[in-house]
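Sequence annotations record features per position, and here TrEMBL assigns transmembrane segment to 14-34, 40-72, 79-100, 159-177, 198-219, 234-252, 428-450.
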Amino acid sequence: MSTSVTCKMSPDELVYLGVLAASIPVGFLFRYLSSSVKQVAALFLGLFISIALCHIHVLHSLVTVIGTWIIIKSSWRHAPALSLSWTFLYLLFFRLVTWFDLPQPTPFANAIQLILTLKMVSLANEVHSFHIEKKRDVSSFAKSPVIGGLTQEPSLFEILSYSYCYVGIMTGPFFRFQTYMDWLKQPSPLALPRWEPCLQRLKMVPVFGALFLAVNHYFPLSYVRTDGFLDENVFFRLFYMVAVFFVFRMRFYAAWCGAEAGCISAGLGCYPEKALSKPGGGPTVNYSPDPTSEEKYDFKTIQNIDCYNTDFCVKVRHGMRYWNMTVQWWLHHYIYPNAPFKSYALRAGWTMLISAYWHGLHAGYYLSFLTIPLCIAAESAMESAVRAKLGPSGQNAFDWIHWFLKMRAYDYMCMGFVLLKASDTINYWASIYFTMHVIAVSCIIVGKVLRGGRREGRKGEKGQTGIASSALSIYPSPRILTAVSGVDACLAHLGSGSCLALCWAGSGVAGLV
């Protein structure tokens with residue numbers, strides 16, 4: 001194999017890197033500002049970045065924001081559904097603008113539009129919850145125990161300030177409007193943790209970056225599309241997807257850890273540990289400062305990636321918990337509960353379909369995302385038919401094999417995510433004989449045979465089996481959630497707080513689930 005590809009970064013990647021790097025020292029300066037000055041400064045800095053990198057295409061994001069504000073002001077009762085429809089339909093227009101003889105938006109405009117879509121849907125839901133709880137308070141004459149809810153409906157200026165806040169404007173992580181307001185109203189920003197958590201998040205970034213450049217140099221994605229690739233032996237072609245997914249992970253690890261460091265330096269998403277914050281959502285329990293003891297803080301609200309658990313968790317469904325965690329929270333709260341199905345499996349499939357659409361219209365996204373339910377069904381079948389019958393040592397061996405196959409499944413699905421085109425994805429999968437599809441289907445068949453074709457478990461039993469229980473472990477049933485004290489507290493069952501996103505990449509920002 002020989003290529004002329006160098007390990008240089010693309011101009012777009014260098015811009016993303018520059019924005020990430022600059023946001024960290026700037027964040028420390030923002031801790032010295034008053035609430036009102038911080039709000040205006042963050043808005044103008046975000047607008048400057050948007051206009052400088054998007055030019056006229058910044059109007060797409062502005063139209064999205066104004067449209068959402070109109071929806072909220074005109075019909076707060078239907079704002080969640082209307083905002084979701086509005087922002088997702090505008091995403092379709094945004095991606096098809098060339099059909100209307102309009103200029104193609106820049107990759108930076110795409111990145112901002114993706115993050116803004118999440119923010120606007122979340123904002124509409126927060127406003128809806130505010131009005132519902134306000135009516136409930138009036139009718140019951142008692143303050144409802146809502147955690148992290150709004151105290152008033154935001155003004156247009158506040159919505160614009162939230163939308164164009166410079167923190168994470170292109171790279172994420174996603175955060176709610178309430179998180180943004182809590183950041184503005186921090187009583188003593190300089191007293192909150194700064195250097196230690198920021199350096200802790202940055203310490204591995206140079207390693208991730210170096211590995212990304214080195215492995216990408218020797219295993220460029222472009223080689224997969226050449227005729228020479230098909231002349232390589234099948235073991236090399238199989239190994240290539242391992243290298244490609246490794247490059248993919250290193251890029252995201254570096255970008256997301258850097259983006260989190262930008263939030264930490266500014267103090268965004270900093271809450272007491274006892275608030276039990278979840279990525280994307282923020283505090284899950286009511287808390288109050290204890291003047292008699294030293295308060296401990298964390299930045300879990302803006303944590304978007306758990307690198308170790310992403311690599312070393314055993315199961316496919318568990319891997320989703322630790323990847324793009326703030327977007328996973330968004331999907332869990334705003335998409336999964338409102339899916340037009342009752343089945344857990346269909347709800348999870350619907351959520352993955354929405355995630356694929358949010359990422360883009362490329363067929364590779366859909367081929368990848370819709371392979372996930374098959375993999376989950378396969379691992380569930382083998383767990384119930386094989387692992388459950390093994391002793392401790394046998395289960396340990398099973399888990400190692402399971403982990404190996406989980407990583408290969410993500411390698412396999414990543415190829416669709418980065419090749420984008422259906423033809424390129426299917427050609428690659430065909431070149432390795434659709435290995436993971438074959439293994440997944442075989443595991444399902446073997447699992448059914450070993451169980452003797454019986455359907456394990458009955459309706460109403462405590463333990464659920466198969467794909468339904470797997471889907472439940474990713475996106476818990478709303479009925480189960482309400483059985484625990486507090487919806488947000490139940491996110492501990494979810495374990496993370498993204499299908500989706502945001503990649504520091506030339507084609508825009510995107511993340512695998």
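Our numbering is plain: 1 for the first residue shown, then up by one each step along the chain.
Placed from the backbone N, Cα and C atoms, the Cβ positions cover glycine too.
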I need to check the long-range neighbours of the transmembrane segment (79-100): which residues 6 or more away from its ends have a CB within less than 8 Å of a CB in the stretch? 60, 63-64, 67-68, 71-72, 110, 113, 116-117, 120-121, 123-125, 127-128, 334, 338, 357-358, 360-361
Leading stretch by Cβ pairs under 8 Å, where the reference is the transmembrane segment (40-72) and the options are 14-34, 159-177, 198-219, 234-252, 428-450: 159-177
Taking the transmembrane segment (14-34) as the reference, which of 159-177, 198-219, 428-450 gives the largest number of Cβ pairs under 8 angstroms? 159-177
Spatial neighbours of the transmembrane segment (234-252) not adjacent in sequence (6+ beyond its ends, CB under 8 Å) are 1, 208-209, 211-212, 215-216, 218-219, 221, 223-224, 305, 310-311, 407-408, 410-412, 414-415, 417-418, 428, 431-433, 435, 503-505, 511-512
